[in-house]
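Lifted from TrEMBL, the feature list:
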ACT_SITE  Tyr63  active site, proton donor
BINDING   His125  substrate binding site
DOMAIN    29-284  domain 'NADP-dependent oxidoreductase'
SITE      Lys92  site 'Lowers pKa of active site Tyr'
Amino acid sequence: MERASRELPASWAPERTVWLNSGAPMPLLGLGTFRLRGEEAVRLSLDAALGNSYRLVDTAAVYGNESDIRHALQELLPRHGLARGDIFLTSKLSPRDQGQEAAERACLRSLEELGCDYLDLYLIHWPGTQGRPQEDKGNRERRQQSWRALERLYGAGKLQAIGVSNYSIQHLEELLAVCRVPPSVLQVEFHPELAQGGLLGFCRSKGIHLQAYSSLGTGQLVGRPEVAKVAARHGRPPAQVLLRWALQQGVSVIPKSATPSRVVENSQLWGWELSPADMEELGALDCGKRYCWDPTNVA
């Protein structure tokens, strides 16, 4: 089910964009909105983001802020001289809504909450089903049913690209064996302590773009002396170094912050780069440490 490539919006910089296997362009930097709730908090963060070249907004049904994002965008897009087509909107299927009919209803509900005719990217948030044991063999069939719903909505033009989040290589292999439309994006926890080299290599070999969440290790990594050392070498904040480490591997990032000044700071990722020695130094921190959820044992 191939689709013609879309034109790059005029407000996007080509060097800050990746082209997905669906033919859709996606910004390499986005605003994450996990735990960002309330109209005022969402508006302040989005205002800073749109004013500093962010063109991707990442949300999810479980974040409970889709309607707040709708209201903020309705106010802010005209203020920044932007239209809907300038913004790449991502949302995700709640683990409670796995299954073909439930997934389709949930996706349409997200579209309504966000006030959109289409989403640029929609992800299955988790390979398991809420309320079911991780080892439940039915998880596999339910997520495959959800994927069929996403494929149908993709074919109807409601979704410009579809993908998954928190999938392991095994989960991806199962999906690739049965899908009609391959996933465009895998969004996972990714940072120097969880470099996921095998998963990144697998995605590259299959044309799946890897997108990082928790790039700062829920804030824990900015205080690591190894990160501070590299940051001092470049005269940069540790957060920028961690985000740049992902970008230089072709991995996009969606840092989140409720503080406008931090949103601005996190956008300053271009015009400089880490050296091979810097990359190696940061990569040496890899120890398989997760700060978020572990999908490894989801059947």
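Don't overthink the numbers, they just go from 1 along the chain as shown.
Even glycines carry a Cβ here, placed using N, Cα and C.
The number of other Cβ atoms within 10 Å of the Cβ belonging to Tyr63 (active site, proton donor), over all protein chains shown, comes to 21. On its own chain, Lys92 (site 'Lowers pKa of active site Tyr') has Thr59, Ala60, Ala61, Val62, Tyr122, Leu123, Ile124, His125, Ser165 as residues at least 6 apart in sequence with a Cβ closer than 8 Å to its own Cβ. In the shown protein chains, 25 other C-beta atoms lie within 10 A of the C-beta of the residue listed as 'substrate binding site'.
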